[in-house]
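Worksheet for the structure shown next.
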Amino acid sequence: RMPSIFSYQSAEVDWCEGNFERSRIIAEYYNTVSAGACQGQAGARAPVSCFWEMGEVTRGWSFADTSCPLPLAGIFSTYFHMTLSYMGQLLDELSILWTLAMAYAFWYPRVYFPRCIKSRKHFFWLSGITTVISTFMSFIKPAFNAYALNCIAFHLLYLTRRELKKCNDKRVHRMAKVMVMWWVLAITSWISDRWLCGLWQAINFPYFHSFWHVLIAMSLLYCCPLVIYFDINYEMPKFKPKLGYWPSDSWPVVVPYIILEEPHKQC
C-alpha cells in the first residue's frame, strides 16, 4: 500500500542531518529550527516602511502583498523538515515557486519584457500561466524541483549585472556584492549538504542545509531593496532613490532601505 502523502519520511528527499536524533516528533531538528530564518528575514524588513509606500505609489498595491508569501514559505519549510512528508516537500517547493512568480510579476522591469508583451497586465498573465504549468510539472519528479528553483538565481544575477552596468552609485554596487556573497555561501552550503553528505556525516557535522536557510535569508535581505531600487528608476523617474542602512552603516549586518530624493538625476 502506498504511504500517505502526509506520513513522516514519505518525501523523495532526505537531507544530510540525522532524523529524530534530538526529538521524537521533529525529523530534522536543526533544519526545522533554521527554516524560521525566512520568517525572521521578512520581519526584519518591517521597520523599512518606505518600501510599502513606494509600492502603493507606483502600482496601487502594497509591498507587503508581495512579501507575505516569504514567511509562508518559511512555515512550509519548517513543516517539511519537521515531518519529511511528501506533502511537506511539495508545499515547501511550490511556495518558493509561487513567491518567485509573484516577485517576477510585480518587479520584473518592463524593459526586459518579451516583445509580444505590451503591458504589465499581460506579463501577469504570462507569469501566472507559466507558474501553473510549472506547478503541475513539479509533481512529475519532485526531487528535481529544488535544482530547478536554484537555477532561477542565475537569471536574477544576470539581470542584476545588466542593471549595475547602467549605475555608477558605489553603494548600489556594494550592496549587490554583499548580496552575491551571501548567495554564494548559501548555494555552497546547499550543494555541500546534497553532494558531500557522506563526508559531513563522517565528521559528525551534517548541518549545512540549516546554514543554507540562514544564508539565503541574508541574501534576500539585500536582494529585495536592490530590486526595488532598480524598479524606482523605471517606474518613478521623478525621484532619485538612495540606499540607506538600519540601524547604522557601520554594523556588520544591517537592514537596507530606500530613501526617495528629488529631483531625479540619471544614475
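Using the three backbone atoms N, Cα and C, a Cβ is placed for every residue, glycine included.
Bear in mind that TrEMBL entries carry predicted annotations, made automatically and left uncurated.
As recorded in TrEMBL, the features of this protein are as follows:
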type     : residues                          : note
BINDING  : Asp14, Trp15, Glu17, Asn19, Glu28 : Ca(2+) binding site
BINDING  : His81, His209, His213             : Zn(2+) binding site
TRANSMEM : 94-111                            : transmembrane segment
TRANSMEM : 123-140                           : transmembrane segment
TRANSMEM : 146-162                           : transmembrane segment
TRANSMEM : 211-232                           : transmembrane segment
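Around His209 (Zn(2+) binding site), taking its Cβ as the centre, 23 other Cβ atoms fall within 10 Å, counting all chains. Tallying C-beta pairs under 8 angstroms between the transmembrane segment (146-162) and each of 94-111, 123-140, 211-232 places 94-111 first.
The shortest Cα-Cα distance between Asp14 (Ca(2+) binding site) and any of the binding-site residues His81, His209, His213 is the one to His81. Annotated pair His81 (Zn(2+) binding site) and Glu28 (Ca(2+) binding site), C-alpha to C-alpha distance, rounded: 6 Å. Cα spacing between Asn19 (Ca(2+) binding site) and His209 (Zn(2+) binding site): 13 Å, rounded to the nearest whole number. The 10 Å shell around the Cβ of Glu28 (Ca(2+) binding site) contains 28 further Cβ atoms across the protein chains shown.
Of all the binding-site residues listed here (Asp14, Glu17), it is Asp14 whose C-beta has the fewest other C-beta atoms within 10 angstroms.
Cβ-based neighbour count (10 Å, all protein chains) for His81 (Zn(2+) binding site) stands at 27. Around the Cβ of Asn19 (Ca(2+) binding site), 14 further Cβ atoms fall within 10 Å across all displayed protein chains. His209 (Zn(2+) binding site) and Glu28 (Ca(2+) binding site) are 10 Å apart (CA-CA, integer value). Between Trp15 (Ca(2+) binding site) and His213 (Zn(2+) binding site), the C-alpha separation comes to 13 Å. Apart from Asp14, Trp15, Glu17, Asn19, Glu28, the residues listed for Ca(2+), the same chain places the Cβ atoms of Cys16, Gly18, Ala27, Asn31, His81, Leu84, Pro206, His209 within 8 Å of the centroid of those Cβ atoms. Cα to Cα, His213 (Zn(2+) binding site) and Glu17 (Ca(2+) binding site) are separated by 14 Å.
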